[in-house]
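Q: First, the structure itself, so that you have it in front of you.
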């Protein structure tokens, strides 16, 4: 690839346009108007674009002049006199001018296209630069008004309109001008009857635009259905484990099938419209010529070959411009205006006030907050933070604690300057480093993530790695810290990402550290390491504000701030709190709980944070940790190496793909009929023109014989000639329409069939398939590839078939008239085939390159938006902008190649056509003796239409082949390996199972055939169901009870049990409130409670709880545990946990280490053994906590085994009597 010219660099272009836009904003401000982006664009680009208008002018005039010379040549044949050498020389001169015009057209057209597409590219690149620059400066208010998706959409769809609009813009004036010129010439040629033809042309225009309007309204309806289908698909694929566990495949399959049926019915309608449109385009010229000459003959004029074919060619020239270029210019301009308006609204959103944090003159860093009150949302009455005051000086650690939604994260954003005060003040002196609650990593190496633009200093770097407990993790990664992280950190687990985030902050060596709950994504041991080594030692001279739920660390804090509902409840040191007898429990729950939790401020502005499943990092899980990353990774380009590489089929699309594609659509009899119909349509098309030339010949023959004896022009039998002519015209139109509709019917049908097959095969695929392939890759098949099959492929296919048949028609007519033409056709054909093969190989790769280089532009934008606060806290906007520009320039290089290669081919194809025209023109003059004027007219006028059409045909053939790749990809997914059938012949009795017993008998288990063993020789007997916070879009009711099996009362009771009843009742639609995508309008804790309610409703015998409470605060945790003990008293419960206090009262504890069963006994028994792993883990927690846990274990043990000792309790259980058996599985980490 060639590097970009300095004047097309993203930075240069962006700053240029930004300058004009800034001036425009200033001007509008002074005149109290709304600034107009269109005006800025015009001011920036009008000069260079105007020059290109000259090209259009020359090109369109040449198209109008060509037919005149054609007429002169045919004229020579009409008055053919072998003796007249002057006439012959003149005819040669005319032929030379005709071919010269053809060559000019061939060259000019492509020069013009190349330059306008470059202009479009410049505008697009400049726009993208401005959009990204704006995105980095958005205030949080503005972030609430827009979403990441919307900004990415501006960058992917809206900006592309500029590429298209520049191509057609000049036709807005060239079209009408050309129409006027053609009408004048026709008037001179055939008089008043030309108006009849023009009238038809003008009637066709509104008809087409009417089709267009109908089509776009259908299109938007289809788009809504498609969106819903893809969103549902996304959730099916994300929640596939849950769906398979609950055996919900049938019902989800019905859901998708219904959605798809609605979508297809709309698609068929819009396809028929498109078919009508193409058919009308195909037969428009025929109808126009028919009307013109019928009028002409009926007015009593005599038809001659020169008149017929001059008219045909002139109409041909104007028809393209008037029915294709002019309407699409209007359409593109209106689309572009809409896009410009959307971009303009985005560029006018609020920016964050650029507060320059001054470095203190006296070297005293500090954070001082006084009477601070602020709102995330100006509309709401209750402030997010109210009346806060505190001061932190170097060497101090301020711990901020409080329940969920207390405003802890908001407090940090206030210090960052992200949350503007409504009153009060924030005074920050010093450089800030910020660790967000959602760990943010960008694609690049682990090292580049930590350095974040700073220079690499080995010693300091090693220290940081050690302090942040990353040493071991980096040794485990195969390339160490040079391992490339995928788009959203796909190679790292949640805990690793959190620590990379922390390391980034520590390496910055700033003065002020804002840490938003960095300890919750890691287990007890690591969390302790981070707190002691990193926060207390490495950062001990700095100003540190730590938001946390780990109450055991509060002792180390210099001061503690307790928040509740945005207000400061109390502030002081740990000892002061103890003296005042303040019970932490009243605020948060007792001291010996280890809380880890993700707090989500209840504010719309922060909703678009994505949740990482912070708890899912157990290093044993040998599966590449997809849980964290690929949640919505749409790009398949940067999927890390751990995933299987997506297989691209190289080379040409096999014949088999075409066969399968057509056979999916219809029976082979229908397909044979379709082929015949196509042939018939083309034959009628050619015969209609041939009949005209035959008629003209007969007429001129008559004139010739009569001329000798007095000048009486004899009439031919009008009824006979006109009758046949009308019949042929009607046949052409009818065949054209029938063929279009049938092609669309067959192809859309096959799209439907293939989609259903693919979906069925996906649902039956084993879970391993979903681990191996990221969601983005599977979804891509359902969105992009099926989209091609529904929408673009049928259209392109039909277009290709039409133009191909026309090209064949042109060549056969020429060969029929002058058989000698076949000789030069052979070398031309060979050259053409060679060119096409050579071009297709290159262009496919160039196209791939172009789309591969486009992805980083989008992923850079979306990852920047996710890490917006971090980027701004570190003042890294400049660097991100430079990176963005670099990505853009890379894409421009590929795009430039794409433009030039396609022009390269086009010029050569048009040269072949020009050769053909030359051969026909001069060949007919050389063989003048044997030819009629009508035949020459037919052959030459046909040859001239070949110019644009031939290369369009080749283009479309390449497009069809490219889109058939989508068909191949879909077919590839229709036969995946299947899991066992959904239903067995032997059905268990309806009440089965009666009790949940689980037996492991020497189980070895791995996730994939070539993966490592995850469980090794596990043998255990458990007298045992899955809970993972997966919510689906739809109402709350749908989430609890997808198939309406329970009454409302049961649902409310279940919600009451998990203490969500009040929350749900406060919602506007109560139980029918729509959940946002994957439930993001609930905090992670709340989502888990909803899943628990789902479990309570289903009353299963076995309950598996996987880390159910990692994301809720200690208080809620206790509630969940209590509920589980009550509600599932008759069940077997398996708990997988990192928090010891949640499981200390289980019946038995199973400790696993690297997949092997190490210990399995009652908790108290394990604690008696000082050598046991479990004992060591409990001791890790510190003396007080360990003692409390041991005490609890002891009570439970005695209560269970010796109920008569000690106070009896209604919870007396005896394992043998089938009473609750709970079991905790504990994995060691680190």
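Quick reminder: no glycine exception, Cβ is built from N, Cα and C everywhere.
All TrEMBL annotations are machine predictions without curation.
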Q: Examine the ranges 724-748, 749-773, 774-798 and name the one recorded by TrEMBL as transmembrane segment.
A: 724-748
Q: What range among 666-687, 688-709, 842-863 does TrEMBL record as transmembrane segment?
A: 666-687
Q: Please compute the mean pLDDT of the model over the domain 'ABC transporter' (367-590).
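A: Across the domain 'ABC transporter' (367-590), the average pLDDT comes out at 83.
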Q: Test the contact criterion for the transmembrane segment (817-839) and the transmembrane segment (724-748): 3 or more CB pairs under 8 Å, pairs 6 or more apart in sequence, then answer yes or no.
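A: They are not in contact.
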Q: Which one, 91-114, 190-211, 278-299, 305-326, 933-954, has the most C-beta pairs under 8 Å toward the transmembrane segment (724-748)?
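A: That would be 278-299.
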Q: Using a Cβ-Cβ cut-off of under 8 Å, list the residues of the same chain that are 6+ residues beyond the ends of the transmembrane segment (933-954) and lie near it.
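A: Cβ under 8 Å, 6 or more out: 66, 70, 73-75, 77-78, 80, 102, 105-106, 109, 304-306, 308-309, 312-313, 316, 320, 689-690, 692-697, 700, 800, 803-804, 806-807, 809-810, 813-814, 817-818, 836, 905-906, 909-910, 912-914, 916-917, 920-921, 924.
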Q: Can you name the far-off residues of the same chain, 6+ from the ends of the transmembrane segment (305-326), with a Cβ under 8 Å from a Cβ of it?
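A: Apart from its flanks, the transmembrane segment (305-326) reaches 60, 63-64, 66-68, 70-72, 74-75, 77-78, 168, 171-172, 174-176, 178-179, 182, 185-186, 189-190, 194, 197, 201, 204-205, 208, 281, 284-285, 288-289, 292-293, 689, 692-693, 696-697, 700, 932-934, 936-938, 940-941, 944-945, 948.
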